[in-house]
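Novice: Once you've had a glance at the structure underneath, I'll fire off some questions.
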Amino acid sequence: MPTHLRFRRRSFLGLLFLFSLSTSALYFIYSAPGIVNEYLFMVQARGIQIRENVRNMGAQVLEQVVRSAYSINGTDYTYEFNFSETDASPTPFLPEGFTYKPEQVCPEKLPSMKGRLKVNMSEIALDEVEKLLKLNDPGLSVGGHWKPHDCRPRWKVAILVPFRNRHEHLPILFRHLIPALQRQRLQFGFYVIEQAGNEPFNRAMLFNVGFKEAMKDLNWDCVIFHDVDHILENDRNYYGCGEMPRHFAVKLNKYSYMLPYEEFFGGVSGLTVKQFKRINGFPNAFWGWGGEDDDLWNRVQFAGYKVSRPHGELGRYMSIPHHHRGEVQFLGRYKLLRRSKERQSLDGLNNLNYSPLVSRRSLYTNVSVTLSRDLAPVADY
């Protein structure tokens, strides 16, 4: 074969390889962002863990140097270094057999809260979960509302779950979360906000809709924004309102139980009603996967709030494996995030319009809504 033909053939094969590689990359970045971001978050989390380990090692070395200096001088060194905030001694949980009266406010650290849970990811029908929960506690009422009767609930908490086509996940979430909240003696209600129509998934706008609908039912103290595929592993991860804004899902199994980055606010988070109104809720402009949690973090910081997180192993969650393709990537999120502060007063609870279809189910209130961009108009930014 002549040399110039061999060269053309190799060039063609090279171009074909580059085309295949680029189209595959675009598919994973745009159509299957969860796979790409899962590995990206793991790399970021590893970096944070390495920096934290180096910091702690440095503190330990410093302590040894200081102790040695005191020893040489023949004096005692009494100060104790605190290498990590998780080393601090927590308030103990109440002992078994502790009794409280119905007119007393429920304690926050009850003996019924056992700690690590046995997570069962096997699929189960929703009506089977309903039977199990009603058998365990008949006090669970329509709409997923419950309150304790052996003490006065300290907090009234609305759980908002954004939803589309995850019918196999809801029963698993309820099977674990409802009994945990009952053991925490919280008054709670579940709101599943289901997006209808063909627009890309808008998790943030669904949360805004859910907030407005939940506030029509009851004067809740706080709201928790809860992804349907996040299963808590420890019932001592208290869902009360006292330390909000709060990021609950600190350590997720698919990120190797590490925080992807310091500003990460996704999965499960919560704010008081007053805080959420003050920051104008979530942004409505994030269509598709990614960015809305980072924008919420920015809004919280702009308002001067400090986010708290559960210590140690309390913030562990497992993610239900997905058997279908996730939502498409929102490629415009970085542009919006750069203008978070300017957009905060324009885009959120105050510019949202919608027409919901509300139905009361046994374990939750379902809010079905068709979303479109003209439901939350905002000037060009």
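The backbone N, Cα and C atoms fix where each Cβ goes, and this holds for glycine too.
Feature table excerpt (Swiss-Prot):
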- 1-11: topological domain 'Cytoplasmic' (TOPO_DOM)
- 12-32: transmembrane segment (TRANSMEM)
- ASN73: N-linked glycosylation site (CARBOHYD)
- ASN82: N-linked glycosylation site (CARBOHYD)
- CYS106-CYS151: disulfide bond (DISULFID)
- ASN120: N-linked glycosylation site (CARBOHYD)
- PRO162, PHE163, ARG164, ASN165, ARG166, PHE201, ASN202, ARG203, VAL228, ASP229, TYR257, TRP289, HIS322, HIS323: UDP-alpha-D-galactose binding site (BINDING)
- CYS222-CYS241: disulfide bond (DISULFID)
- ASP229, HIS322: Mn(2+) binding site (BINDING)
- GLY291, GLU292, ASP293, ASP294, ARG333: N-acetyl-D-glucosamine binding site (BINDING)
- ASN366: N-linked glycosylation site (CARBOHYD)
Novice: Can you tell me how far the Cα of PRO162 (UDP-alpha-D-galactose binding site) sits from the Cα of ASN366 (N-linked glycosylation site), in Å?
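Specialist: Rounded to the nearest whole number, the Cα-Cα distance is 10 Å.
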Novice: Applying a 10 Å Cβ distance cut-off over all chains shown, what neighbour count does GLY291 (N-acetyl-D-glucosamine binding site) have?
Specialist: 24
Novice: Test of understanding: give the count of other CB atoms lying within 10 angstroms of the CB of ARG333 (N-acetyl-D-glucosamine binding site).
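Specialist: The answer is 20.
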Novice: Quick check for the class: what is the C-alpha distance, in angstrom and rounded, between ASN120 (N-linked glycosylation site) and VAL228 (UDP-alpha-D-galactose binding site)?
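Specialist: One finds 15 Å between the Cα atoms of these residues.
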Novice: Around ASP294 (N-acetyl-D-glucosamine binding site), how many other CB atoms lie within 10 A of its CB?
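Specialist: The answer is 20 other Cβ atoms.
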Novice: What Cα-Cα separation, expressed in whole Å, is found between CYS222 (disulfide bond) and ASN202 (UDP-alpha-D-galactose binding site)?
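Specialist: Checking the Cα atoms of CYS222 (disulfide bond) and ASN202 (UDP-alpha-D-galactose binding site) gives a distance of 22 Å.
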Novice: Averaging the per-residue pLDDT over the topological domain 'Cytoplasmic' (1-11), what integer do you get?
Specialist: 59
Novice: Out of ASP229, GLU292, ASP293, which has the highest number of nearby Cβ atoms, where nearby means within 10 Å of its Cβ, if these are the binding-site residues?
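Specialist: Per the Cβ count within 10 Å, the most buried is GLU292.
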Novice: Using CYS151 (disulfide bond) as the reference point, find which of the binding-site residues ARG166, ASP229, TYR257, ASP293, ARG333 has the shortest Cα-to-Cα distance to it.
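Specialist: Its closest listed neighbour, by Cα, is ASP229.
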